[in-house]
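Per TrEMBL, the feature transmembrane segment maps to 116-141, 202-225, 231-251, 349-369, 389-409, 430-450, 470-489, 510-533, 553-576.
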């Protein structure tokens, strides 16, 4: 690559020293350091012994989150007296915010704080929000009066504010740590060590296993407590586990490996865009070795390996084209001249975008778990023998399916598929995501068929909703769980693995933001359907009394949109080009 001046040679040599220590030595070769900033010994740090604390943190934090999210629609309808549509929109809007705020945590972690301190600070905010939510559910003054027959008083503005302050502090806290915990866990494995690199692939499977263990406890035990013992204690239990999550995280500090933050990723992206437009008349040399890059193996970006130039999106190569003015100044101004690695960071984000956009529809399907699936369960027979199943508890089926399928995937599917594909992971990450998208279509078809059958049964029995058991929802929940094993885990691994070194928190947040946009899109679809179908005195597809509506039409609509999205995804995945590091 071409170079400019001598001013960055010292820094380049320092970066090179960090990156040249390969797997044969006692130290990590990926530039990681210990808590005090010193080179870290492999034998005393990282790997599964450090990840045990991170996985424990994630398990407890997910128990806390799902302890709120799983049954929130029931809390809003039963305690705050909201209608079905308003409650569903409130839940999906809040859930979407939980995922959109991941950008805040990702940018802060990659730019300055690092993943460790970002997790520490936002976990504290998270705990404050959980405590506020528990208080809002514990004091009668912060709850509307109980229903008197069919008359249910609305919650006052103060009561709404008490709820929303707690909810959105939780959204900020969980959003801040979501992109950092999985990438911080993956950082405990050295990319330059072949054996540790294989373990990193398994880490994401077991990371999601811990998520669903926490979710299982929430959707079974915590939901039962909320429905039978009260919402104060029902929200207090998740709050306790959030405190436990913070304790688990700090306990592993001496064992962690830390990656130095590489500076603001958003700033670097803006620098490439600005420099490219400044040189929009400049011709890019045909020989990519003439583009600007630091000499040696060291990168200009702290803690990042160099990226190999890929011959696409050539307009942005203008930012690395050395002009006579650049040579005359003999000083590298990143707003005028960028390195190839910096440009390839932006190109990587652009290449990821089509894949990212097509995963949003899967998040729309996933959003139905805590909204329309629960509302559908409320009008089914929830009694099985002498036991009453809370509708929100059926999400445990998803958890059970994931807990069963993840070990099968890791120990049986991967080695079996690897024998045929030659891929050490069995199938590629993009193939894994695509399989999950296909299964999500089947999940919506299953939900639509059940609702159509339920409506027929209800009409033939004069509105008797107790004719069909809630156990008929098992297939749709199980299919969503199976889809998660492929799509959610696959996308987390994809966005981490394909991310530039100094953008891993940001790219992990991109994977999570799909869930946020999916929740918002679900809210929009529900609002649009209600607006278009509830006219002229018609109840619409999703009225408060589902026996008068057609929830099955909504499920068929989502199945059709998901099938169309799958076709677009296949086209995007076939065109995707991966970044390559030195």
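Even glycines carry a Cβ here, placed using N, Cα and C.
Quick caveat, the model's predicted, so the values are computed rather than measured.
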Cβ-Cβ under 8 Å with the transmembrane segment (349-369): same-chain residues at least 6 beyond its ends: 92, 95, 269, 313, 395, 398, 430, 433, 436-437, 440, 443-444, 447, 477, 480, 483-484, 487-488, 491, 494-495, 498, 503, 507, 510-511, 513-519, 521-522, 525, 555, 558, 561-562, 565, 568-569, 572-573, 575-577, 579
Any contact, the transmembrane segment (116-141) to the transmembrane segment (430-450), with at least 3 Cβ pairs under 8 A: no
Outside the transmembrane segment (231-251), six or more residues from its ends: residues with CB under 8 Å to it: 53-54, 56-61, 63-68, 71, 75, 79, 119-120, 123-124, 126-127, 130-131, 133-134, 137-138, 214, 218, 222-223, 225
Recorded stretch that, among 389-409, 430-450, 470-489, has the most CB pairs under 8 Å to the transmembrane segment (553-576): 430-450
Folded-back contacts onto the transmembrane segment (389-409), same chain, C-beta under 8 angstroms, at least six residues removed: 70-71, 73-74, 205-206, 208-209, 212-213, 215-216, 219-220, 223-224, 226-227, 369-370, 373-378, 380, 382-383, 470, 473-474, 477-478, 480-482, 484-485, 489
For the transmembrane segment (430-450), sequence-distant contacts whose Cβ falls under 8 Å of one of its Cβ atoms, 6 or more beyond its ends: 355, 358-359, 361-362, 365-366, 368, 372-373, 376, 472-473, 475-476, 479-480, 482-491, 493-494, 552, 555-556, 558-559, 562-563, 565-566, 569-570, 573, 576
